[in-house]
Amino acid sequence: DFCQAEGKKRPSENLGQVLFGERIEPSPYRFTFNKKETCKSVCTKTYDTTKPEDKQKLDFLKKSMLLNYQHHWIVDNMPVTWCYDVEDGQRFCNPGFPIGCYITEDGRPKDACVINSEFHEKDTFYIFNHVDIKIYYHVVENEALGARLVAAKLEPKSYKHTHADNPDCSGVPMDISNKASGEVKIAYTYSVTFQEEKSIRWASRWDYILESMPHTHIQWFSIMNSLVIVLFLSGMVAMIMLRTLHKDIARYNQMDSTEDAQEEFGWKLVHGDIFRPPRKGMLLSVFLGSGTQILIMTFVTLFFACLGFLSPANRGALMTCAVVLWVLLGTPAGYVAARFYKSFGGEKWKTNVLLTSFLCPGIVFADFFIMNLILWGEGSSAAIPFGTLVAILALWFCISVPLTFIGAYFGFKKNAIEHPVRTNQIPRQIPEQSFYTKPLPGIIMGGILPFGCIFIQLFFILNSIWSHQMYYMFGFLFLVFIILVITCSEATILLCYFHLCAEDYHWQWRSFLTSGFTAVYFLIYAIHYFFSKLQITGTASTILYFGYTMIMVLIFFLFTG
């Protein structure tokens, strides 16, 4: 319930912004370039606490001040930032500023109330109803005369304007006592000053926001940590390959008579069963197809992000890019699923194609749709309009599905993958397994190493999704992505080798689930993050958090598998 802009059109948003629930509203704060305004009134809100609807609005304001809700303002596509000093002489620039703050009953200032010593009344809310905006520009010399905005900063202030129609912006802060009754009047005002700033170039105007987020040293530490894991795994894989193959070649060279050749050991004993089709081969091939689609999508999106196409300045570009790529990558999904299904000896190709195009996307869409219903029921601005839902369905049914069919057609036309050895008629008996070659312990162990590589990046990604911090470290993310791919593959090869040596030849599902189990660790981490970092109250918000987390976990499972 803040000042509304009258009769202005809402800016249009792209697909990524709509999906992320970023709605941009027009603002009643009007500026004219280089025209200084001091203490200009915007509007006055009056709350009569005896009326129930007014009381409800005031209570909502109080609740939002208590939970440190933020305003996010944009000028010329730049976030308006509030910069303040934090410890060890650094300045932190927050791309939002709080609605207000609260002093507790024992006189402790919470959140932003520490900025002013005048905020001292106990059990009182202070609303930031005045902003001092400072807009920095530089004049373009060589082109046609004009100036460009390079930064916009503000200082939130709180004033109890005695004359609401003729404000002077001085005096005591605007306090709303928690037990206040009668009439509460809040007048909103602003001041604007313009300042020329020659040192900032227009192209690098985002830097001051990004530089104030001090995370880079942690990043390098985490990258080194991950690289050590990768080196360790690569060493192990190389050693196994060299050791076993070297031994075998040596043994074959020493052979004199053909009788010795029959005495085989370890993984050679299962050569007649290794290519036996897995149980539930249909499902595995569908997962592999969808996983390929997600893998290529992630790779291309991150590659573009590294080149700087998807910086925070292009709002919603990341999500738009990912969705469009995902839709266009139906062909590899259909192709991979068909190839594997055919090599598993499957006959029901129609079922296979339909499942590839509808199973995983269907689960994601259903989850997304339920979340949207909840948002819609809560009257949230993040709810996706009906038109966008139709557009997403159209992208899925009219582009993605036909492309999947084309991919599957080529996949089924090709000959099945040739196996180097024949499969025996009678399945071999699997001997008693030791604890660590049993399926479950192996799968659980396999997920730990890849998770260790990504876990610090995961913290920043979750922060950028849930705590509205900007994420811009795509170079690091791309590195971590490559490391994750290598770690998943090598951990799986290692564990696969161990259980083949123990003469257990059911490797297809186990190799998929070994690295896919990383997603379970991701889920556990997301639950930990929910309880330790977020103060989310209310059933709807909790359901939303876990609903969206489940979508991420499913996509991550298919991708790692």
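Each residue, glycine too, has its Cβ placed from N, Cα and C.
Listed in TrEMBL for this protein:
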TRANSMEM  220-242  transmembrane segment
TRANSMEM  283-310  transmembrane segment
TRANSMEM  316-341  transmembrane segment
TRANSMEM  353-376  transmembrane segment
TRANSMEM  382-412  transmembrane segment
TRANSMEM  443-466  transmembrane segment
TRANSMEM  472-500  transmembrane segment
TRANSMEM  512-531  transmembrane segment
TRANSMEM  543-560  transmembrane segment
Stretch of maximal Cβ-Cβ contact with the transmembrane segment (472-500) [cut-off: under 8 Å; candidates 283-310, 382-412, 512-531]: 283-310
Same-chain residue ranges lying at least 6 outside the transmembrane segment (220-242) that approach it to Cβ under 8 Å: 449, 452-457, 476, 479-480, 483, 486-487, 490-491, 493-494, 497
Intrachain residues whose Cβ lies under 8 Å of the transmembrane segment (443-466), provided they are six or more past its termini: 215, 218-219, 221-222, 225-226, 229-230, 233, 436, 473, 476-477, 480, 483-484, 487-488, 491-492, 495, 510, 513-522, 525-526, 529, 533-534, 545, 548, 560
Region pair the transmembrane segment (543-560) / the transmembrane segment (382-412), three or more CB pairs under 8 Å: no
Remote residues contacting the transmembrane segment (353-376) - C-beta distance under 8 A, at least 6 residues beyond either end: 21, 282-283, 285-287, 289-290, 330, 333-334, 337-338, 382-384, 389, 392-393, 396, 400-401, 404-405, 408, 540, 543-544, 547-548, 550-551, 554-555, 558
